[in-house]
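The transmembrane segment annotation in TrEMBL covers B:12-30, B:42-61, B:121-144, B:151-174, B:199-219, B:240-267, B:287-311, B:323-343.
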Amino acid sequence: MFGDYSIGDLGSIFVMQGFAGLILFSVYVLMALGLAIIFGQMGVINMAHGEFMILGAYVTWMTSNFFQAYLPSLFSGYFFLAMILAFLASGALGMLVEWGLIRHLYKRPLDTLLATWGLSLMLQQAYRSVFGAREVGVELPQWMLGSLHVTESIEVPINGVFVMCLTVLITISVAYVLYMSRWGRQVRAVVQNRIMAGAVGINTEKVDRYTFGLGCGIAGVAGSAFTMIGSTGPTSGQLYIVDTFLVVVFGGAASLLGTIASAFSISQTQSTLEFFMSGSMAKVLTLLAVVGILMLRPQGLFALKVRK
Amino acid sequence: MIINSRFFNRSELMGFIALAAVLFVILPLTLDVFRLNLVAKYLTYAFVALGLVLCWGYGGILSLGQGVFFGLGGYCMAMFLKLEASSVENTKIQSTPGIPDFMDWNQITSLPLFWQPFHSLTFTILAIILVPGLFALIIGTAMFKRRVGGTYFAIITQAVAAILTILIVGQQGYTGGINGMTDLRTLKGWDIRPDHAKVILYFVEVVLLFACIGIAQFIRLTKLGRILVAMREQEDRVRFSGYSVANFKIFAFCMAAVFAAIGGAMFALNVGFMSPSFVGIVPSIEMVIYTAVGGRMSIFGAVWGAILVNFAKTSLSESFPQLWLFGLGALFIAVVLAFPNGLSGLWADYVQPRIDRLFASRKPKPGWNDNSVADGAPAE
């Protein structure tokens, strides 16, 4: 399969596919970060994670429409406001859901799966009723269009670079919040032992609510970033949910580093394979490899050594 | 939970008679063939729900990949039927007659090797049982021997469902792609499409369903069923008592897979086609909700759950397509939050005691071992 290409061509192919893989990697990391908090840390199987992302995407779409109609002079910067709004909207919805649904189910993780699946169905229908069944796309500001020409045969789309920078920024902030801040320590105390954390004076209910909200908020930002790459419809969220869960599980649920490593390996495998075979077969092979490795190493790549 | 040594205790016997009366007598007498065929379609999901009672309710293993086994069973049956429908006379307008039409459209000129054995009905029936069974055995062995369970198992089975769907859709030439296998006509020369055939198939299915109910009830009542329950409640304690927890889980998972596959095969026969839309994640999770609504601990509840949820789906999505998804979503949430033991739990908690009191007032001294209430109430 390499026979038809010269060495130079192959080099460019791998660089281009590698870059496409990097964009996919950013996408996976953005999707998985929120879930790594909600599922990895809190143990809640949030099947509605995709729908929180879609909420962020719709918020971005609405913001962009608003700027186009009322503030066209500021249109080039709408995206930054849209991301903040997306974070707030998804985060607020997340806290509402935690209060109404999730807090009753911390002792029954498998039931959170059913309940949040129900939630995802209702959200999908709500999006369909409010925004219509058709997919919507966001108009990008001028500076995000086009691509950078690195060499003769290698070019890199600017929106991809932007998504990658965004991913790095968000990942660093999440890592800081979880591992450095006082609040992050409280979060980890609560998820490890809710009762004991409560006994030493942590307001566990509040910590739970804000943690869930943070995870959902990051999902919203991810959805916001997605609008730069593709269009959004009411059921788009469902497409991502298996991939997202696999990324988190493959990396080792409680490890942020693992999430990043697994997102990287999965995305690179998939985008490299995609060049040599149909997209669906590449996907099948990647998923098969992930499932196979998970069967050999069920705790994921980076398992925390804990006594159960 | 008290497990009675009799095959059915009193309330279960009543449940059995009620279900048998409805399925064998009342529905065939009152419904037209179209509606009866719809019920037959719903009942194919009852097989899946029944398997989930064993593996999820009793074994505590939530599989989100039952659509895989449903699909494997269904596709095995559909491949046999499709080959029969693609005889040389039927397909003489194709460029290569004698192979299924979708292969012809995808420029495949000879029957692929793995299709060949499906010329034989015996092989097909064996395949319906063995292919999903072996598949479940492999997944189950790999997972349970390493003590992977709960959430991780659910997510991996879900990934398997995603893989199979993508594979079926992607390999159009071998599987019929997104359209699936359509235009299935005869079974060993017997036309499955006319009304009288639909009625016969319905009865065959109900008999099979009752056979599966019998097997499930047998498993539940033997020591095996008690070990399953014990395992779900205190897995480590069962392991320390010397039982091989993994083997029991594998067994429950394989049984659930085989039940689901029988349902899938009956689906292909009753509905006349099979497509990847019954294999993936969404249908797999819907299958779990049938069990949850019926009651994850109740064998009869699972059958009722499958019938009622599907009936609601058909009638609601016909008249209020928007309401249906809200309704289904609310159902998921309500089952989890308000009545975790499903309809059978509601029955056991609210209806059964009233009935018992009614009987008790007529019979002044009930025997102290009259434990029908405790039997019906699932242990949580």
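Each residue, glycine too, has its Cβ placed from N, Cα and C.
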Seminar exercise, completed: Relative to the transmembrane segment (B:12-30), the stretch among B:121-144, B:199-219, B:323-343 with the most Cβ pairs under 8 Å is B:199-219
Exercise. Should the transmembrane segment (B:121-144) and the transmembrane segment (B:199-219) be scored as in contact, given a threshold of at least 3 Cβ pairs under 8 Å and pairs 6 or more apart?
Worked result: no
For this session: Give the one range among B:42-61, B:151-174, B:199-219, B:287-311, B:323-343 whose Cβ atoms make the most pairs under 8 Å with those of the transmembrane segment (B:240-267).
Result: B:42-61
For this session: Give me the stretch from B:199-219, B:287-311, B:323-343 with the greatest number of Cβ pairs under 8 Å to the transmembrane segment (B:42-61).
Result: B:287-311
Problem set entry | Other parts of the chain folded back onto the transmembrane segment (B:287-311), taken as Cβ under 8 Å at six or more residues beyond its ends | 12, 15-16, 19, 39, 41-43, 45-46, 48-50, 52-53, 56-58, 62, 64, 66-67, 70, 209, 213, 216-217, 220, 260, 328, 331-332, 335-336, 340-345, 347, 378-379
